[in-house]
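Engineer: For reference, the structure I am asking about is given below.
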Amino acid sequence: MVESQKAMPQPEMRRIRRIHFVGIGGVGMCGIAEVLLNLGYRVSGSDLKASAVTERLEKFGAQIFIGHRAENAEHADVLVVSSAVNKSNPEVAVALERRIPVVPRAEMLAELMRYRHGIAVAGTHGKTTTTSLIASVFAAGGLDPTFVIGGRLNAAGTNAQLGTSRYLVAEADESDASFLHLQPMVAVVTNIDADHMSTYEGDFNRLKKTFVEFLHNLPFYGLAVLCVDDPVVREILPQVARPTVTYGFSEDADVRAINIRQDGMRTWFTVLRKDREPLDVSVNMPGNHNVLNSLATIAIATDEGISDEAIVQGLSGFQGVGRRFQVYGELQIEGGSVMLVDDYGHHPREVAAVVKAVRGGWPERRLVMVYQPHRYSRTRDLYDDFVQVLGEANVLLLMEVYPAGEEPIPGADSRQLCHSIRQRGQLDPIYIERGVDLAPLVKPLLRPGDILLCQGAGDIGALAPQLIQNPLFGGQADDAAKRKTK
């Protein structure tokens, strides 16, 4: 039986009334700020520029400052900062001078989770989608979870929401090892891959040990939900001294998918669970990677007593997450149209999963990819993998690397990637200079029925909205505005 909803207890922060976020517009910060606003705290925050995110928070009652100045933080009881903010920031400096606590965002998230039934989703890939699926299935099951997600949950129109039940579902960020602040009741590890290695001083063993340490933050009666299809997760499994449930396509997985079939956006499969009848489900997302994300959700929902009917309903009705294989619509070209897709994937494994999903769901269509690498260091460290996976497109346009604050690294830029891909002899990629208008460049390359994929974690995120409203493709600004509000 599913436990009835309970009023969600508030965190024990009675001495704290005003909470100031440095970089409040960031995807990891704004969700926590929104939940705290809904809990009744006075929230302020600063960012370098206004955005739809800061405007939304203002509507909820947050005081927003554009630019970082010492006076912004003078009256705060606590400052919340991301790992991108350093001590030289004037707001941080004045807080340290006045002995105002300065805490990482993960520590504030941990405080929200402390008195709740926390479900933390960790892993190099798939965190956002898995967290979103869990929140959606719990809602379908009559529970009303609080959630904090690294992307916009389309059904809710936000990346965070205060629920009325005791459940809090959140992403656990390994990029700066801040997930070690969290002490959830349930923890998911989707996979472990070589990314953000500077945090771990380039030591992959250290990364693995940190994931084990994260899982040991669970109480002895907690639950670790682990994907045994991932070889590194399988490798650390014997070190995890907590109750575990495994999932995957592997025959020894506790929660397993068989009979997988994909047609366009929808994927069907059958779930096998111990001591349960087989369960036929579908999810409105393409690709085997999303089957795995769904299996993690099913494992947790089953353990929490959510009915099979609610699981099926929550998965089949899932409306997706912003920038995770988000279909913007059809671009009109001579003789037909092209499906426009936007995706956040910025690691070779994520790119490969999306390419495979396109090939599986639309096998007869060409894939035209506009890709923007994210960080010079990632491009350098995973260079050969990028060359291989980007070479799988039918047509490839490579934007220059989005630096994310890094200095250029010789040989780790998009010009060199183009050269290396071209040398393989299968594809002749097109290099895109910064600031170039892509619409007239990409249009002659398109054929009716193509899939145009815009992918990357940098400012390429603005490209799909621009293309869909571009008159070259039959778009109108008013239509695009309506589409974004759906």
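The count begins at 1 with the first shown residue.
In case you wondered, yes, glycine gets a Cβ from its N, Cα and C as well.
TrEMBL: automatically predicted annotations, no manual curation.
What TrEMBL records for Gly123, Thr124, His125, Gly126, Lys127, Thr128, Thr129 is ATP binding site. What TrEMBL records for 18-116 is domain 'Mur ligase N-terminal catalytic'. Here TrEMBL flags 121-301 as domain 'Mur ligase central'. According to TrEMBL, the domain 'Mur ligase C-terminal' annotation covers 323-458. If you look up TrEMBL, you'll see 21-41 marked as transmembrane segment.
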Engineer: Using the structure shown, find which entry in His125, Lys127 (the binding-site residues) has the sparsest Cβ neighbourhood within 10 Å.
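Structural biologist: Output over binding-site residues His125, Lys127: least Cβ neighbours within 10 Å is His125.
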Engineer: Does DSSP give His125 (ATP binding site) helix, strand or coil?
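Structural biologist: Coil, per DSSP.
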Engineer: So what sits near Gly126 (ATP binding site) in its own chain, CB-to-CB under 8 Å and at least six residues off in sequence?
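Structural biologist: In sequence order, the residues whose Cβ lies under 8 Å from that of Gly126 (ATP binding site) (at least 6 apart) are Thr190, Asn191, His289, Leu292, Asn293.
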Engineer: Cβ-Cβ under 8 Å from Thr124 (ATP binding site), same chain, 6 or more residues apart: which ones?
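Structural biologist: Looking at Cβ-Cβ distances below 8 Å from Thr124 (ATP binding site), excluding near sequence neighbours, one finds Glu174, Thr190, Asn191, Ile192, Asp193, Asp195, His347, Arg349.
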Engineer: Far apart in sequence but close in space: which same-chain residues, 6 or more away, have a Cβ under 8 Å from Thr128 (ATP binding site)?
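Structural biologist: In sequence order, the residues whose Cβ lies under 8 Å from that of Thr128 (ATP binding site) (at least 6 apart) are Ile149, Gly150, Gly151, Glu171, Val321, Arg324, Tyr344.
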Engineer: If you draw a 10 Å sphere on the Cβ of Gly123 (ATP binding site), how many other Cβ atoms land inside?
Structural biologist: 23
Engineer: Residues other than Gly123, Thr124, His125, Gly126, Lys127, Thr128, Thr129 within 8 Å, Cβ to Cβ centroid, of the ATP site?
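Structural biologist: Residues close to the ATP site, other than Gly123, Thr124, His125, Gly126, Lys127, Thr128, Thr129: Val121, Thr130, Thr190, Asn191, Asn293.
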Engineer: Taking the Cβ of Thr129 (ATP binding site) as the reference point, list residues of the same chain whose Cβ is under 8 angstroms away and which are at least six residues distant in sequence.
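Structural biologist: Long-range Cβ contacts: Gly151, Met285, Asn290, Asn293, Val321, Arg324.
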Engineer: Treating G and I as helix alongside H, and B as strand alongside E, what does DSSP give for the domain 'Mur ligase N-terminal catalytic' (18-116) in helix, strand and coil?
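Structural biologist: Its residues divide into 41 helix, 22 strand, 36 coil.
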